[in-house]
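Below is one structure, written out as C-alpha cells; comments come after it.
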Amino acid sequence: MESKALLVLTLAVWLQSLTASRGGVAAADQRRDFIDIESKFALRTPEDTAEDTCHLIPGVAESVATCHFNHSSKTFMVIHGWTVTGMYESWVPKLVAALYKREPDSNVIVVDWLSRAQEHYPVSAGYTKLVGQDVARFINWMEEEFNYPLDNVHLLGYSLGAHAAGIAGSLTNKKVNRITGLDPAGPNFEYAEAPSRLSPDDADFVDVLHTFTRGSPGRSIGIQKPVGHVDIYPNGGTFQPGCNIGEAIRVIAERGLGDVDQLVKCSHERSIHLFIDSLLNEENPSKAYRCSSKEAFEKGLCLSCRKNRCNNLGYEINKVRAKRSSKMYLKTRSQMPYKVFHYQVKIHFSGTESETHTNQAFEISLYGTVAESENIPFTLPEVSTNKTYSFLIYTEVDIGELLMLKLKWKSDSYFSWSDWWSSPGFAIQKIRVKAGETQKKVIFCSREKVSHLQKGKAPAVFVKCHDKSLNKKSG
C-alpha cells in the first residue's frame, strides 16, 4: 500500500511539473508573439500623472495585475504626436490628471512611441502605421486574454497620434467605443486614403477638434478636411485667440517646420486644452453649431439646435452619427474656461436716400439680468439702405436674459470730407437677437419708434419690445 501511495504521489508531482512546464512554455510563446512591439503602454495613476511607473506588457498577463488595471472600468489611451525633443510634452500629465478627475476609477494609459516620434516629420508620419498596429495588438490581447470589452476603450490621439489611433481602431477585432482626434496632423494625411489616417470607420464614434488648419491643404499643421462623425472647428479652425499668428507664419516661411515647434504649439495644442476644459467644467460645456461654412457661421446664420444642429464640445459630446461628417463651429475665449455665449443679430437699415458704405465698424452693448457686455466691436463688409444684415457676436460672460442693447456706428480712422459736411445715417426700428446657448429669440424696439443711427454720433438705444408674441423661444 505504501509503495502504491508513493507511486501516486510521484505521478502527481510529475504531472504538476509537466503542466507548469507547458504553462511556462505557453507564456514564453505568448511573449514572443509580441516581442516586436516597440510602443510602450504605461498605466499612470491619479497620484502620479507625470511618470510612467508601471507598464502593461503585451503577452505578460502578470503585468496587468501588477499595475492594478481595473477590469470593470473604462480605459483611456492617450497617444502623443511628433516631438522635437524626444520627451513628453507638458500637456500629457495635464490631460491624464483631468481624465482621472472626471473618471476616478478609470484606467489612463499613455502610449509611448517617443523613439519613433522624434525622427524627421515624414519618417515619423510613416511610423504611425506601426504605432497603430502596436496599439491594436495590445487592445486585441486585452480582449482575448482578459475578455476586456472594447466598448470601454476610448482612444485620444493628438496630431500624428490621432492618425495612429485611427489606424489602431481599424485593426482591432471589434470596434472601440470612441476615438477623439485632437487636431490630427495635416502634412502627409490631407489627401491620404481612409485606411492610412483617422476616419469615421475607425470606432463606434469619432469626434475631431481642428484648431490649426491655416494654410493651403496639405501644408497646414492640422488636417483641414473632416475625418470624423463630428468635426468641430473652434474659431474657424484656422488659428486660436491668444496665439501670435504673425510670428508663426514668419518663422514657418523663413525656416520651415523644423524650428516652429514652440510657435505652433499654441494653436495646435489648443485642441488638447479645449478637451481638458470639457473634462474639468462639465456643467458648462461649450456649444458648437453645425454650419455649411465658417463664413455663414460668422453671419450668425447657424445658431440652431434643431435636429442635432448643435452639440457639446469635448467629453460630453452627443454621439450623433450622420451619413456625412458634420462640420461644426464655435467661438472661444483665449484661455480656460473657453466657453463663450453666441448671439445672432439682425438689423434692417432704412432710409429715404440710397446709401452704401463698405467695411464699416460698429460697437454693440448688451445688458441683461445677470451682467452686461459693452462695446463689442464688429465690422460689416457693406451697409446699404433698405437692406437687412445678419452677423455673429459673442460675450465672454453670461449676461442672463437680455433686456436692452445699444448700437454705435464708429467714425472712420481717417478723415473724410463727406463725413465732415454731412453725417451718414440710417433709421432703425427693430433689432432681432437670437441667443445660441438658450435658443431664445428677442426683439428690441427703439425707445422712440425709430432710432436714427448716425456715424460717429451717440449710440442708439433699444429695449425689449413689450409685445410678448414677438419674443419667444425657438429651436
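Glycine is treated like the rest: Cβ placed from N, Cα and C.
Source: prediction; values computed, not measured.
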32-53, 274-295, 340-361 - the range that Swiss-Prot marks as region 'Interaction with GPIHBP1': 32-53
According to Swiss-Prot, the disulfide-paired cysteine of Cys67 among Cys54, Cys243: Cys54
DSSP state at Ala194 (Ca(2+) binding site), helix/strand/coil: helix
Cα-to-Cα gap, Arg197 (Ca(2+) binding site) vs Tyr191 (3'-nitrotyrosine), nearest whole Å: 10
In the chain carrying Ser199 (Ca(2+) binding site), residues 6 or more apart in sequence that have Cβ under 8 angstroms from it: Gly166, Ser170, Val206, Val227, Gly228
Secondary-structure category, per DSSP, in which Asp202 (Ca(2+) binding site) falls: helix
Ser159, His268, Tyr343 screened against Asp183 (active site, charge relay system), Cα within 10 Å - retained recorded positions: Ser159, His268
Additional residues surrounding Ca(2+), by Cβ distance to the Ala194, Arg197, Ser199, Asp202 centre under 8 Å: His163, Gly166, Ile167, Ser170, Pro195, Ser196, Leu198, Pro200, Asp201, Val227
Integer Cα-Cα distance in angstrom, Tyr191 (3'-nitrotyrosine) to Tyr121 (3'-nitrotyrosine): 17
Residues in the domain 'PLAT' (341-464) grouped by DSSP into helix, strand and remaining coil: 5 helix, 79 strand, 40 coil
